[in-house]
């Protein structure tokens, strides 16, 4: 009951997207910050770069910001006032480096006064204005074949959308077609060539309809594509990745499924034999995980990505820990709280430790005043006058952790449970005497704290300051491994990279290989990889080492011809190394209809939102002549009820939607599936057992892994 109350109250904290000046439609996706541990960030996104996730949480473009301009030509070619602006609307939350005057924007929009031959055709163009950090995309069209006057619909957005603008351009072009038809209908109905200058006074609802299309459809579409972080799929031949994947599969089967429930084998068999290939062929196909447990959903997504593609085939970039080497007393460490970059210096201390057997008591030994903790706005005495438990078996440092956590607010670093794991009392007595404590500053928004941290925590063990997860995150199907709340010991990913040859035993070598994945730090943005190596190789092929070619001598029929062998082996580049990542993401608080793989909060309306987005896909497909999609499918996975079902919607000849639901797993039993699928489930189960038992031979491990994740159609 408590978990449900917490989960319900947390939903009210999210502010609707673009609520400052628009009424939000169904297409809106809200991208809100959420808690995720550093190891999951590395597994899902290939990096734990703090700047990437801070941008996701705080610096979102989109907040619905845009500037819409509708303008037209008046037919006065020689006049300076040849262009008239019908609408110039800027949303309140549209912030750019410089406000571009309308005169300059009109030059960008209409450009040269030279006309095209075909006046009936509309044209689109994209302009990047680097000085203002904006992107301007424009639709220019004519009233009819006889008219020579151009009408333009232009939109300014921040340049953050540039990587995905061409990706989602088919959808944007469809919406621009709607806007164009709306204005053309107004001109035809009123038998005029010009839009009204004061459209509000003339009650021109068509202009308002165009503005509403941008507010409710085009801008949320760009936001859904560009604001959501996309998953990084590790290479299929990476031994650390395979070992980590096997570890997660083993934990799921042993701790969550148990000996009777075969939830994971059935789900993986469905992907392997049926849905993975469908997801690759049809962009309208989705996998949606409905859950109230973010951590379990993210672990399941990591498991499912092995069956999806394309996987990265380049070089994995490893993080460099320059501060990992220990040094004698006097070494420097960076501030873990991130409040200041000024390093504190370690010096030996003569502070003593009191241990009693009388439970809670007032310490009678005078402490070093250096380790007292007081509030900035208080004149009270230090921490040596506080009551402390003898079970903590440490000096003032443990009480400092307790005091700091009790006084900290949302902006503070971590929670009390997290600080207990960091405090010297949670470690062995031997380690507490080896290195003296060190003072650190906390970046709390309400108070100033000094935390006593053991010196053996180096600067490379810094984690992203994040709020602690709520109880609701561990309520549903509890994960029995130590939670990130209760542990903060040095993880494998935070160690100094050590050569494999330095390990003496096979067990140490396997442990090192498995932990290598946590050292990955790929250069990336929210939706793209920064693959400089592939770019340099392509440049070298074209410029530094150009391909060989033959020249055909000119004659009376043709000029000189350069013949390039396009079938050259060097030109057969691997298309898997694409910068733009696929639309797969992890847990998001709200459903994003534009992504193919995601997990979202389960509510009473979750399934209805998914079905409604599927119907919209078919509607958009009818408007786009290039698309021939007549059906769309979604694999719905409910972790709360452990149900798996495939929802398919088709459109018949009468344009009616027909929905079919195929239950794969319900109430712990396999649904009415084909014999081939039943055989596939048994085969997948056997492959998983062999994979879990194979730990010594890396070649056999890679072979078994590739066998199980290779998609095979039934």
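Heads up, the Cβ atoms here are built off N, Cα and C, so glycines get one too.
Per Swiss-Prot, the listed range annotated as region 'Disordered' is 423-447 (candidates: 398-422, 423-447, 448-472). Per-class residue totals from DSSP over the domain 'dDENN FNIP1/2-type' (634-712), listed helix then strand then coil: 31 helix, 26 strand, 22 coil. Summed and averaged per residue, pLDDT over the domain 'uDENN FNIP1/2-type' (61-236) gives 84.
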